[in-house]
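Asker: After the structure tokens below, expect a handful of questions from me.
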Amino acid sequence: MENKKIIYFLCTGNSCRSQMAEAWGKEYLGDKWNVLSAGIEAHGVNPNAVKAMKEVDIDITDQTSDIIDRDILDKADLVVTLCGHANDVCPTTPPHVKRVHWGFDDPAGQEWSVFQRVRDEIGARIKKFAETGE
């Protein structure tokens, strides 16, 4: 964790979107960032999120579903909310913490193609961030 920035992906249940974002973040940003995720609540990692990431050869079976940790939130360099609910109810962040919102549809309970689409959209967005810093 030495001298790496912290990026913290947040969504409602830390089950689907933020789990996939954490995995893509580790894939594209892991050399420069400590990549973490959490939720307003912890619903457990959705098995379809695991399956969707496995399709692109990324294993998230060891990731855990966690509630937002105030210490991590306060130390993060960048907080990214991935759904409107998390954006609205996320605890206030200190002025030095940059906070952005990248909205994605919630794939939970949707057909398989929605999981694949959201997975790919999140991956493309994080890849763009890795390449451009925005």
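Heads up, the Cβ atoms here are built off N, Cα and C, so glycines get one too.
Pulled the feature table from Swiss-Prot, pasting it below:
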type	residues	note
ACT_SITE	CYS11	active site, nucleophile
ACT_SITE	CYS83	active site, nucleophile
ACT_SITE	CYS90	active site, nucleophile
DISULFID	CYS11-CYS83	disulfide bond
DISULFID	CYS83-CYS90	disulfide bond
Asker: Using DSSP and three states only, what is CYS83 (active site, nucleophile)?
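Answerer: Once the DSSP labels are grouped into three classes, CYS83 (active site, nucleophile) ends up as coil.
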Asker: Please list, in sequence order, the residues in the chain of CYS90 (active site, nucleophile) that are at least six apart in sequence and whose C-beta is under 8 Å away from its C-beta.
Answerer: LEU10, ILE40, ILE68, VAL79, THR81, ARG99
Asker: List the same-chain residues at least 6 positions away in sequence whose Cβ sits under 8 Å from the Cβ of CYS11 (active site, nucleophile), in sequence order, or say none.
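Answerer: When sequence neighbours closer than 6 are ignored, CYS11 (active site, nucleophile) has ARG17, SER18, ALA21, SER37, GLY39, ILE40, THR81, LEU82, CYS83, HIS85, ALA86, ASP106 within Cβ distance under 8 Å.
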